[in-house]
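Participant: The structure's right below; bear with me while I get my questions together.
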Amino acid sequence: MPSAAVIVDVPTMQTNFPYSYAIPPELQAQLQPGMRVVVPFGSGNRQVEGFVVGLQDDDSKHQADDLKPITRLMDLTPVVNQELLALSDWLSQRTYSFRISCLLTMLPNVMKAKYQTTVAPVPPVQNQWLAKVFADQQELPLDQAHFTNREVARLTELRNQGQVQVHYHVKNQAKRKTEVAVVNQITDFSRCAAEIRKNATGQQALLRQLEQQPKTPLRQRELTKVPGISAAVIKTFADRGWVRKVTVEQYRNPYDQPRHPDQPQPLTPDQQRAVTPINKAIRDQQSTVFLLEGVTGSGKTEVYLQTIQQALDQDEQALMLVPEIALTPQMVTRVKNRFGDQVAILHSGLSNGEKYDEWRRINAGAAQVVVGARSAVFAPLPKVGLIILDEEHDPSYKQSDNPRYHTRDVAIWRAQYHHCPVVLGSATPSLESRARAEKGRYQLLRLPHRINQQQLPAIQIVDMTASSERYGDLVSQELVTAIQSTLTRKEQVVLLLNRRGFSSFMLCRDCGYVLKCPHCDISLTMHLDSQTMKCHYCGFETAIPNECPQCHSRHIRYFGTGTEKAEQQLQRLIPKARILRMDVDTTRKKGAHQRILSQFGDQQADILLGTQMIAKGLDFPNVTLVGVLNADTGLDLPDFRASERTFDLLTQVAGRAGRAEKAGQVIIQTFNPQHYAIQLAQQQDYEAFFRKEMQIRHLAGYSPYYFTAQITVSALVEKDAAQESYRILQLLQQNLAQTTEVLGPTPNPIARIKNRYYYQIIIKYKHDEQLAPTLTRVQAISQKEVRKGLRIAIDSDPVNFM
DNA sequence: AGCACGCCGACT
DNA sequence: GTCGGCGTGCTC
C-alpha cells in the first residue's frame, strides 16, 4: 500500500519529521514529492498544510489501515523540486530550525496556507442559544471576533453532544491570474493568405503575427495592441479553425520599462583574467568558488554579465544575488538591457502577488536569469550554470530570523548540487571569504584598477576633535568649502550621515533625565517632520515634550544629529544648495527610492544627504564630492566586526565619487582620525586592512580563526531570561569540548526590546563534535520553554551581535 | 499550534 | 463531592 511522507505545517520540535499518510486511489496517479497537500492532523482531525517529501511503497512502521488519508492536493505540479527538498533538509540541520520553516521560506509568502476554523450547528437545531447565534447563517468562523471565550466553551460542550460540528479550512492564498491567448493552427500560410480578402487589413495583420511566431501562444491583450487586430478579427480566425483559444497564466511585470538593448563591452586585461577562469569552470561544470576582489568602479558588473552569457550559451541558467535590489535599480536595468525578458526579478520591494508571478515564471522555466535579494537564492531554476553573489560581504545576506541562514552558504550548497561555479564579488570582501581565498579554498581573482584608468578619488580625513566652533559639530570648514566649490562647478555632492531623525536623545539639564522608550532600553529619537519622539526598535511614538517629564523643568535639550537636523543646518550654511534627503523616513512609500534617485540623477538637486542606503551601487557621473559627516557611528558598537563594517562603509561610499571622467574627492570627518579602519579606508588599501584586522581577530580569537555560534534567550521578566540562560550555559559547559570557549551569558547591548529582556551566550569553537548535538538539545529545550513565554534563538553563524 | 488528559484548588 | 484552572504529552 503506497503512502506519502509529509512534513506538516506544525513548527515544533516534536513534529519535526515526516508523517506517513495513505494516498487515496484517485490521487495516486497525480501525487508527487514536492507538492503541497492538506492532511488531517491531531485528535480533532484539524486540517493542515503539508509538503510531500517522499513516497513509499510500503510502510513498515505503520499498517496502511491506521494511516489517515491525504485530504486533497494544493498543487497540480510540485512547487518544491528534488534539489530544494534536499536543500531544506540540509538547511534545517545547519540552522537548527524546523523543516517546515525551511520549506516555507523557499517559497513566496502567498504559498503559506491560511487557516480558518468554522463551526456549524447540526440540524435540527434545538438549542435556543444556538438558533439565535446562527440565525440564518450556515456556519461562523471560530475566532475572537465572533465568539467570546465563554461562548467557545459552550460550543465545545454542544459539540460533545453532537449538536455542533467543527470544520477546518485550509486556504491557498496564491491566486493566479489568467488571460486569453490564441495558438496558431495554420500550417500553410500562403493558402490562408489567399483566402483573406484584400481589404481585410486586420486579418492580414493577424496572419503576419501568427506567421512570425507560429509556435508560441499569443496573448489576446497584446495582439489587440497591433493596429487593425481586434477581438472580432481573432474571433473570425477562431471560427475558421485557424487559431485555438487557450488560457495562459498572466504575470505582472514589476519592471515594465522600455529596454535599451546593449552589447557585451570589450574587456580590460584585468576583466579578461577574471572572465576566463570563471567561464572555464562553467564549461567544465566545476563548482569552484571564486572571490572577485575588485575596487569600486573596476567593472565587476561586466564580468558578471559576460559570465552569465556563458551559462546561457550552454542552455543553463544564472542566479545573481544582490544585497537589496531596490537600492540598485541601475543594476537591474543593466541586466535587463543585456538579457531582456528572460530576466526575472525577485526582491522585497515587490508586492506578494508580483513575487508570486515572478516565482512562477521561474518555476515554469520561463526565466533564464534571476536577479534578486537574499531569498532569491532559493529560486527554483532547474539547471543552474552560475551563481553570483555581488557585495558578498553585505550583512543583509544573513537572515536574522528562523531559518537563520547565510545566502553565501546556500549559494555554495546549490553550486555543488549543480556542479557550477559561484562568484563572490566585492570591493571589500568579508574577512571570512578573503581568508578562505588565502588558504586556497576559494580562487582569488582581482580587479585592482578602475576601468578607463580613472583615478581612485583622493580621500582627506578631517579631525573633528580639532574642528572650529564656528561651524558647529556637524560640518567642518574643509567640507563646507569643498561643497561650495563643487556646487560652483555645477557638480554634485553625496553626504553620508548614518543616523536618521533630528536629534538622537532628549536630556533634562536640571535633573539629567533622558527620555526613553517605555518598551525598550533605548532613548527616543526626535523626528521633526512627524513632530514625534520615535523608538527606532519598536516604532513607539509620542509627542515632543516641552518640559521634562520627570521634574517639569523647561531646561531640556536635544543632543545628537541625525539626517533631519543635518539637512536643516546645511541649508543654513549653504542657502542656495538644493538638498535631497534619503533615509528610511523619506523612502517609506513604494517607489520613493527610485524617485529620489532619479531626481538626483536629473540634476534637480545638488546634494544627496542620506544614511547608509546611499553608500551602495549608486552611479552618478556628476558626483565629484563625497562627504562622510561622522565616520565613527559604527565604530564603537560592541561587535567584533565594527571595524570591518566601518571600513566597508567608508570604502563603499568613497567609491561614489568620480565615477566618470571628472576626478573625485572624498572628505571623511571623524573623532578617531588615528583608527586603523579609517586610516586604511583613506588609503583605500583593502589588502592592508585585511592583514591588520586578521591579526586583531587572531589575538582576540574571533572569526575567521574561530567559528562563532550565538544563543539568545528572551523573556518578559528579566530574571526568567537570566535564569534560563544560565541553565543553558551549564548544559553547554557539560557537553562541549574543552577547547570550545563559552562567553556569557550577558544582557544584550540593548537589554530590552519590545518589552522583552535579552540575554546572549557566545560560543567560540574550532572543531567540536559535540556542538551540533548539544545545540539540538538546546533547540529541544527551547520548545518546552516557549510555553512559559521564553524564547531561545540559536544562530549557528551570527553576523550581528546587537 | 491545538486538543485531550490529568491533577489540584474554589464552589454549588 | 464537582467544575474548571492550566501543566504535559501527542499528533501518521
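Each Cβ is built from the backbone N, Cα and C atoms, and glycine gets one as well.
Predicted automatically and left uncurated, TrEMBL annotations should be read as such.
Keep in mind the model is a prediction, meaning the values are calculated, not measured.
For A:281-447, the entry in TrEMBL reads domain 'Helicase ATP-binding'. Per TrEMBL, the feature Zn(2+) 1 binding site maps to A:C508, A:C511, A:C548, A:C551. Annotation source TrEMBL lists Zn(2+) 2 binding site at A:C517, A:C520, A:C535, A:C538. Sequence annotations record features per position, and here TrEMBL assigns domain 'Helicase C-terminal' to A:543-700.
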Participant: Work out how many Å separate A:C520 (Zn(2+) 2 binding site) and A:C548 (Zn(2+) 1 binding site) at their Cα atoms, rounded off.
Facilitator: 19
Participant: How many other Cβ atoms sit within 10 Å of the Cβ of A:C551 (Zn(2+) 1 binding site)?
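Facilitator: Counting Cβ neighbours of A:C551 (Zn(2+) 1 binding site) within 10 Å gives 13.
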Participant: I'd like to confirm something. Which of the binding-site residues, A:C511, A:C548, A:C551, has a Cα closest to the Cα of A:C517 (Zn(2+) 2 binding site)?
Facilitator: A:C548
Participant: Look up A:C548 (Zn(2+) 1 binding site) in the DSSP assignment and reduce it to helix, strand or coil.
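Facilitator: Looking at the DSSP assignment, A:C548 (Zn(2+) 1 binding site) belongs to neither helix nor strand, so coil.
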Participant: Which has the fewest other Cβ atoms within 10 Å: A:C511, A:C517, A:C548, the binding-site residues listed?
Facilitator: A:C511
Participant: Using all protein chains in view, find how many other C-beta atoms are within 10 Å of the C-beta of A:C508 (Zn(2+) 1 binding site).
Facilitator: 21
Participant: Using DSSP reduced to three states, classify A:C508 (Zn(2+) 1 binding site) as helix, strand or coil.
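Facilitator: For A:C508 (Zn(2+) 1 binding site) - judged by DSSP and reduced to three states - the answer is strand.
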Participant: Just name the most isolated of the binding-site residues A:C520, A:C538, going by other Cβ atoms within 10 Å of its Cβ.
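Facilitator: Minimum Cβ neighbour count within 10 Å, taken over the binding-site residues A:C520, A:C538, occurs at A:C538.
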